[in-house]
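What follows is a short report on a single structure.
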Amino acid sequence: QNETNKKCQGGSCASVCRRVIGVAAGKCINGRCVCYP
């Protein structure tokens, strides 16, 4: 998993994860986007 410092408030992390790891897979944990390659 790849934890980012991008805050997420009930929104999707897909766009963030697509930028970070190239795959729109992730979820919001403790207010941060965590991406799963």
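Placed from the backbone N, Cα and C atoms, the Cβ positions cover glycine too.
These figures come from a predicted structure and were not determined experimentally.
These features come from Swiss-Prot:
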MOD_RES   GLN1  pyrrolidone carboxylic acid
SITE      LYS6  site 'Hot spot basic residue in hERG blocking currents'
DISULFID  CYS8-CYS28  disulfide bond
DISULFID  CYS13-CYS33  disulfide bond
DISULFID  CYS17-CYS35  disulfide bond
SITE      ARG18  site 'Hot spot basic residue in hERG blocking currents'
SITE      ARG19  site 'Hot spot basic residue in hERG blocking currents'
SITE      LYS27  site 'Basic residue of the functional dyad'
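Features per Swiss-Prot, on structure.
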| residue | record | Cβ contacts under 8 Å, 6 or more apart |
| --- | --- | --- |
| LYS6 | site 'Hot spot basic residue in hERG blocking currents' | CYS13, VAL16, ARG32, CYS33 |
| CYS8 | disulfide bond | VAL16, CYS28, GLY31, ARG32, CYS33 |
| CYS17 | disulfide bond | ASN2, THR4, VAL23, ALA24, ALA25, GLY26, CYS33, CYS35, TYR36 |
| ARG18 | site 'Hot spot basic residue in hERG blocking currents' | ALA24 |
| ARG19 | site 'Hot spot basic residue in hERG blocking currents' | none |
| LYS27 | site 'Basic residue of the functional dyad' | CYS13, CYS33, VAL34, TYR36 |
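Look at the disulfide-bonded residues CYS13, CYS28, CYS35 and count other Cβ atoms within 10 Å of each Cβ; CYS28 has the fewest. Secondary structure from DSSP puts CYS8 (disulfide bond) in coil. Around GLN1 (pyrrolidone carboxylic acid), the same-chain residues six or more apart in sequence whose CB sits under 8 Å from its CB are VAL34, CYS35, TYR36, PRO37, listed in sequence order.
Annotation note: ARG18 (site 'Hot spot basic residue in hERG blocking currents') sits in a helical segment as assigned by DSSP.
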